[in-house]
Amino acid sequence: MTWHILGAGSLGSLWAARLGRAGLPVRLILRDRQRLRRYQQAGGLSLVEDGQASLYPIAAETPDGGQPIQRLLLACKAYDAEEAASSVAHRLAGNAELLLLQNGLGSQQAVAARLPRSRCLFASSTEGAFRDGDFRVVFAGRGHTWLGDPRDTNAPAWLTQLSQAGIPHSWSDDILERLWRKLALNCAINPLTVLHDCRNGGLRQHPEEIAALCDELGQLLHASGYDAAARSLLEDVRAVIDATAANYSSMHQDVTRGRRTEIGYLLGYACQHGQRLGLPLPRLGTLLARLQAHLRQRGLPDR
């Protein structure tokens, strides 16, 4: 069965290259004919590992391609996910499966609601990759991907193909708890790196601010029924800051480069969820307002 991959960014390209070199059938879906022509001129996807580049001539097409889609990896940004999924909805088989590889929360639920006949699996990944040019991606850090389905805990048989492709993964019966934990870590770190214009390690100068945010995030996780995700949150945030002290957060990099952030699916989603629960989150709300004002000042979308 063919893997269709929509989203030729860093993680989508990384998955496509590894699945393709394992001999599995893969097709990239590119947004329009102009993008397809540029891909064909490049000759395929380039994957750089340990300083060595390899070219993988993965087949590619546009969303209006004719072949039915049985399995789709959606690897675009959270704010593009629903529209991207809709662009190929007419091609989805009746029992199609979608693997949603988005940051934060909210986009996955929107896609699942838009495509009720399809099985939507959520994913949370710690793998590191970045684009080094058009259709060229650098594998920057080995990590792990957890996959799960909030509505069905039965793992699909095709997970063996991920092992065949050398993609470290685990099936998770509590994927939402994992995604909430990752969201909380992001909310405690990334917005502050933007507002203080610092590397992750610079947040060591703001321990009270970090502690106050973790306290509210812990309240939100407990109120949402994710007690395990709230456990040792502050300690883990400090550990992430120490382990990545020399790095700029992904949100800081987006803002610096004038790119839209995924704020609406991270800090924005946390604040909206608190409102739905009737849970006051004054520190998180203030942080969101400060970050939105900062983004508007730079001419960037604030949601």
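Start at 1 and count along the chain as shown; that gives each residue its number.
The backbone N, Cα and C atoms fix where each Cβ goes, and this holds for glycine too.
Note that the structure is a prediction, hence the values are computed from the model and not measured.
Cβ contacts within 10 Å of Lys182 (active site, proton donor), excluding its own Cβ and spanning all protein chains shown: 19. What Swiss-Prot lists as active site, proton donor is Lys182.
Taking the Cβ of Gly9 (NADP(+) binding site) as centre and 10 Å as the limit, one finds 16 other Cβ atoms among all the protein chains shown. For the recorded site, Gly9 (NADP(+) binding site), the DSSP three-state label reads coil. Annotation source Swiss-Prot lists NADP(+) binding site at Gly7, Ala8, Gly9, Ser10, Leu11, Gly12, Arg35, Asn103, Ala129, Arg131, Glu262.
Sequence annotations record features per position, and here Swiss-Prot assigns substrate binding site to Asn103, Asn186, Asn190, Asn200, Ser250. The Cβ neighbour count for Asn103 (substrate binding site), using a 10 Å radius over every protein chain in view, is 21.
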Cα-Cα distance, maximum over Asn103, Asn186, Asn190, Asn200, Ser250, record's substrate binders, Å:
19
Nearest of the binding-site residues (Leu11, Asn103, Ala129, Ser250) to Lys182 (active site, proton donor) - Cα to Cα:
Asn103
Fewest other Cβ atoms within 10 Å: which of the binding-site residues Asn200, Ser250 wins that one? Let me know.
Ser250
I need the nearest neighbour of Asn186 (substrate binding site) among the binding-site residues Gly9, Leu11, Arg35, Ala129, Glu262, using C-alpha distances.
Glu262
